[in-house]
């Protein structure tokens, strides 16, 4: 029965794409929601992760090369996050526009540097042995890597959720959003907290790039494509929570997957059509914190 | 006082405007004279930034190699090449052409990868009465409904490339095909060209999709439709990064084992083939060229190209090579470099017999040329498009 097969495959695929989208957007949402900085260089971080996956693993990843790539993207993501935190700090009292101009400039420079380093060709990489085959779902073959991605991304998502919502580190993050002077009073430097959020958000972006490399393939222009997707997720999900972007990302995973399978003629309108529909009903996003505290 | 001032000012501006215009006109007119009879200035319009950059590199290589092998002369005249960045579309391509025509005052234009840019510069080129030899852009309209007597093409038309595959498949026992290509002009023309030829031969299109161009990263929803359509094969056209994503995902979802992929040759031409890796193995495609063509002109061309650039030649490089070849012949014959003389010379140029792609000639300002059925194979560790069959010539408006 092809209809069942189409539906099942599309839903599984939507889950994989949605979770990857969450890992990508979570960092953007954290930095925007907690530190009030709109980081338009987020897509460039994703692309950097994808290029590193290819540079270290080549066209065919092995498990050791994947492990090296994970270490590399975490280190590079942390360094980039620290740098972004320092660069945006002088603008922290300025308007979003000025911050956006700065990070957009960084994104443009980064894109040119990546293009100079890795060329303008598509740099595709295949997952390591064991994940490069297919499994059978409802009678149809499905790439095993995407299935594994569901597991890994779900674990990552749970870890991020736990860190932000349940640990004292997360409490510190949230406290800095609510009242940075009080955080300073209890003896914690808010600049360190700020740096911590930037590092966490940036590492998530480069990790997402590594995980997404076998699906999206590193190439010039991928940074802006990913940035737009992540921004849509953040806008729909609302700021300052982890739950919001998670649900928004899962929603868009299904919209992009099931929606396009069922309504191929409307494929190009589905993403922004859904965005418009959500904004009409909930102009502040699905889950936005009330100003000054948690809802 | 102010009124007089304003009137004087307006008069002055108008005068300056007229002077500027006539100055511009006369300087354009004087270009041919200033070029002299022993030189020619060529504007090479190619993408140097953005997604089409690899095509621009290949075009420049083909152009440079031809000039290097011919003493830097076109039709006996010493060539000065001015390169301008076409970018990704008309918003950068049109100003680039404008700059070449008005600032650099080139005699001839060569290049243009994007069809939208080619259509966008039509009026500029026509009113400047300069020759533009298109070395890639494949929209049918450029040399048919929107034709200009000054715009000639040494590349292909999208429909022509796809029709070659449609004609071939209809006679090879594949009866049911699913067609997929992006939802922009080139994709639509490819599906149309393929479908017309395939249906004319008795084949059935069991379904078709046009994924949003530049906005599709995941082809899974479309692959599902192909899988459930009962097709015996898939015809597709994608370019650049999208061709890598599509070919890889087609293999990742296991479709390449059950439903063979047939393509317009650009899917697997040039740099993208390397990026597709194993996933492209066995893909059949049609194109007017492959580096593996076994004719004397291509063997010599391939050796020189590999020696110069340490890379296999591509259709894009050959299109530029042939642009230089026909320009040289036209300049030699016309003994002038204005658009009218060169267009007239191109019209009577006849069959080009020593091109790496095989014999071809102009029909309605675009090549009538042979198409080849090619299969992706690994040779000496690198993927190539080996020749399966010569499918014979096709007209540009097929």
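Just so it is clear, glycine is given a Cβ too, placed from its N, Cα and C backbone atoms.
Non-local neighbours of the transmembrane segment (A:6-30) in the same chain are 39, 42, 45-46, 137-138, 140, 142, 146-147, 149-150, 153-154, 156-157, 160, 164, 173, 197, 200-205, 207-208, 211-212, 215, 226, 229-231, 233-234, 237, 239-242, 244-246, 248-258, 261-262; each lies 6+ residues outside the stretch with a CB under 8 Å from one of its CB atoms. Annotation comment: TrEMBL describes A:6-30 (among others) as transmembrane segment.
Among the features that TrEMBL reports, transmembrane segment is placed at A:37-57 (among others). Outside the transmembrane segment (A:37-57) by six or more residues, the chain places 24, 27-28, 31, 65-66, 68-69, 72-73, 76-77, 80, 84, 88, 91-92, 96, 99-100, 103-104, 106-107, 110-111, 114, 117-118, 123-125, 128, 201-202, 205-210, 212-214, 216-218, 222-228, 230 with a CB less than 8 A from a CB of the stretch.
Feature annotation from TrEMBL assigns transmembrane segment to A:69-88 (among others). Outside the transmembrane segment (A:69-88), and at least 6 residues removed from its termini, the chain residues within Cβ reach (under 8 Å) are 37, 39, 41, 45, 48-49, 52-53, 56-57, 61, 99, 102-103, 106, 194-195, 197-207, 209-210.
The transmembrane segment annotation in TrEMBL covers A:100-118 (among others). Within its own chain, the transmembrane segment (A:100-118) has Cβ neighbours under 8 Å at 37-41, 43-44, 47-48, 51, 54-55, 84, 87-88, 91, 218, 220, 223, 227, counting only residues six or more beyond its boundaries.
Using a Cβ-Cβ cut-off under 8 Å and counting only residues 6 or more beyond its ends in the same chain, the transmembrane segment (A:145-164) has close neighbours at 12-13, 15-16, 19-20, 22-23, 26, 30, 127, 131-132, 135, 137, 170, 173-174, 200, 204, 207, 211, 214-215, 242-243, 246. Residues or ranges marked as transmembrane segment by TrEMBL: A:145-164 (among others).
Residues or ranges marked as transmembrane segment by TrEMBL: A:197-216 (among others). Within the chain, the transmembrane segment (A:197-216) has long-range Cβ neighbours (under 8 A, six or more residues past its boundaries) at 17, 20, 23-24, 26-28, 30-31, 34-35, 39, 42, 45-54, 61, 69-70, 73-74, 76-78, 80-82, 84-85, 124-127, 145-146, 149, 152-153, 156, 160, 163, 173, 176, 222, 226.
TrEMBL lists A:228-252 (among others) with the feature transmembrane segment.
The transmembrane segment annotation in TrEMBL covers A:261-281 (among others).
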(message) Under 8 Å between C-beta atoms and at least six residues away from its ends: which parts of the chain pack against the transmembrane segment (A:228-252)?
(response) 14-15, 18-19, 21-22, 24-26, 28-30, 32-34, 42-43, 46, 157, 160-161, 164-165, 177, 271-272, 274-275, 278-279, 282, 284-289
